[in-house]
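Data first, discussion second: the structure below is written as structure tokens.
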Number of protein chains: 2
Amino acid sequence: MTTARRDTYTPQTLLEVAVRVFNERGYDGTSMEHLSKAAGISKSSIYHHVAGKEELLRRAVNRALDGLFAVLSEEHARVGRAVDRLEYVTRRTVEVLVDELPYVTLLLRVRGNTDTERWAMERRRDFDHQVAALLKEAAADGDLRSDVELRLATRLLFGMINSVVEWYRPDSRGAADGAEIADAVVRLAFAGLRTDG
Amino acid sequence: MTTARRDTYTPQTLLEVAVRVFNERGYDGTSMEHLSKAAGISKSSIYHHVAGKEELLRRAVNRALDGLFAVLSEEHARVGRAVDRLEYVTRRTVEVLVDELPYVTLLLRVRGNTDTERWAMERRRDFDHQVAALLKEAAADGDLRSDVELRLATRLLFGMINSVVEWYRPDSRGAADGAEIADAVVRLAFAGLRTDG
């Protein structure tokens, strides 16, 4: 039997432990037993805080989604030329992704086996569609290159943005911060790798 | 008991089934029992073809890695200005990724729990290092923008390329082919989304 430590968790600190375990083992592969061991408190103590692991998942992906959707309501995402709004949203999305790294990582790995997962995927698609609409508008303004099909461009832009969760480790030596990474993504995505000269 | 069908597999057709199951369940989550069920033949029939699931993994990732390394020995990857060789390698890498989609998908998802997985990760890192060296050379030639740190640029270029395995579905209606996707990746990565005008 594991020695249970005194339950000093708040909903937030318990969520942090759960998200770490979900990301390590996969949500499907995590049992209440795993959570109890990782937190060092009994299962009944966990049930004192939440109804079950699905509630932890819901809170976690909500945090990621709220962060992403908040970007879309910021002034620079709403006012101005579509291509500039798109650049702004790209930059801020990367910043949210870095700030909320474990939560967005979990969101991007969700597979759709439970109601909460399907709901999260639905909201994520909704976010993606709003960004895709911005690309479409920018293309209609003639501000995006016309020799790359729009759906492909959208996929590749998200591919570049979302790849950050795969390799960014904030604790590694000399790690860039969110603003630096956001800046690099915006430069590469909008102006490309090659120098003009 | 499952009705075993007659074993008409060749090493290659058995490999195709195994790779599909590995990608669906994860390599760690796949047992010989799962492979036997998916192939519709008994476990002993599978052992007639291969020593075990690790041999199937080794063959699968080898196929992906051989395809990727072959790109580096092609003439346009060896001769010419570094930035042009980099563009060529980017294009051909995407093409290999699309042609060998299930095999490269498996390679990119390998986690390092067995010798074969660690060896695959090692070879993949070796490939990445060779491409990173090309970026470095192109930057030294002054052909890459200097305001994005080189390691970040390398990560983001691979992020864009590798994202293809996450969303490309060759069977979906109106799906682009490998050359079209490769073209889009090269244009966006090297020249960016924005029109100059």
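Note: Cβ is positioned from N, Cα and C throughout, glycine not excepted.
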The annotated DNA-binding region range in TrEMBL, which must be one of B:31-50, B:51-70, B:71-90: B:31-50
Helix, strand and coil counts within the DNA-binding region (B:31-50) (DSSP): 15 helix, 0 strand, 5 coil
PLDDT averaged over the residues of the DNA-binding region (B:31-50): 94
